[in-house]
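What follows is a set of notes on a single structure, which appears directly below.
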Amino acid sequence: MVGEDLEWLLLLLHQLVVWGAAGAMVFGGVVPYIPQYRDIKRTQNAEGFSSYVCLMLLVANILRILFWFGRHFESPLLWQSMIMIVTMLLMLKLCTEVRVLNEVNTKRCSFSDFDLNCFWHWSRFTDYVQCVLTFTAVMGYITYLSLDSVLFVETLGFLAVFTEAMLGVPQLYRNHQNRSTEGMSIKMVLMWTSGDTFKMVYFILNQAPLQFSVCGLIQVMVDVTILLQVYIYSGYRQKPVPHTTQTASAKAL
């Protein structure tokens, strides 16, 4: 009787751990962006955060969802992608509103102009939505026609996780270029690092496709490098973050 009770308790604990890990995987990815969102909202300045972060995460998660149709993976990863897409759209909405408010340049760009010089620097949130919907429709159609190709499906999965793994590179370059990490939320980067480490371990333990584990490792290495920049550039005189610059550079989760 005691043995049965102990076995039942262990099963319950195991199930709770599984649920907890799944919940952390689903919602943990968006947590690092909360302090950055609040900072932008409070200061009405989005120059420390690059909208290219949103671009890369939107592309990565749309591709990951399409990859699921060719090769099913764990449901928490699928839900994570859906929630991340909504989160990045909210970040884009706020950044666009703040940037347009602070802009001294009266020129307005829109997605329908098809001007590469204005790409991802549009003046309205609806232009970003149009771009995301167009990309989703085109890639969705290509994926539908190519689902029978194992090579295409595996390549799609690799592109999804590799794009996400490269998320920190634009911010890395921006910090190097400015010799400063001013305007970047250190809390966000710390949460990135802990979250990406957890995610990599989750991939390995749950035997996710190899692309997920390899690119998870790359992502952790990029996060650690950004943290090293924080330490290195702390000895430099920090540059003030301009409020009237038209465009921002790159990553900040």
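The backbone N, Cα and C atoms fix where each Cβ goes, and this holds for glycine too.
So that you can see what the record holds, here are the features copied from TrEMBL:
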type: TRANSMEM; residues: 12-31; note: transmembrane segment
type: TRANSMEM; residues: 52-71; note: transmembrane segment
type: TRANSMEM; residues: 77-95; note: transmembrane segment
type: TRANSMEM; residues: 125-144; note: transmembrane segment
type: TRANSMEM; residues: 211-233; note: transmembrane segment
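Of the candidate ranges 52-71, 77-95, 125-144, 211-233, 77-95 contributes the most Cβ pairs within a distance under 8 Å of the transmembrane segment (12-31). Beyond the ends of the transmembrane segment (52-71), by six or more residues, the same chain brings 77-78, 80-82, 84-85, 88-89, 91-92, 95, 120, 132, 135-136, 139-140, 143, 147, 152-154, 156-157, 159-161, 163-164, 166-167, 170-171, 209, 248-253 to within a C-beta distance below 8 angstroms of the stretch. Within its own chain, the transmembrane segment (125-144) is flanked in space by residues 58-59, 62-63, 66, 69-70, 89, 92-93, 96-97, 109-112, 152, 156, which lie at least six positions past its ends and keep a Cβ under 8 Å from the stretch.
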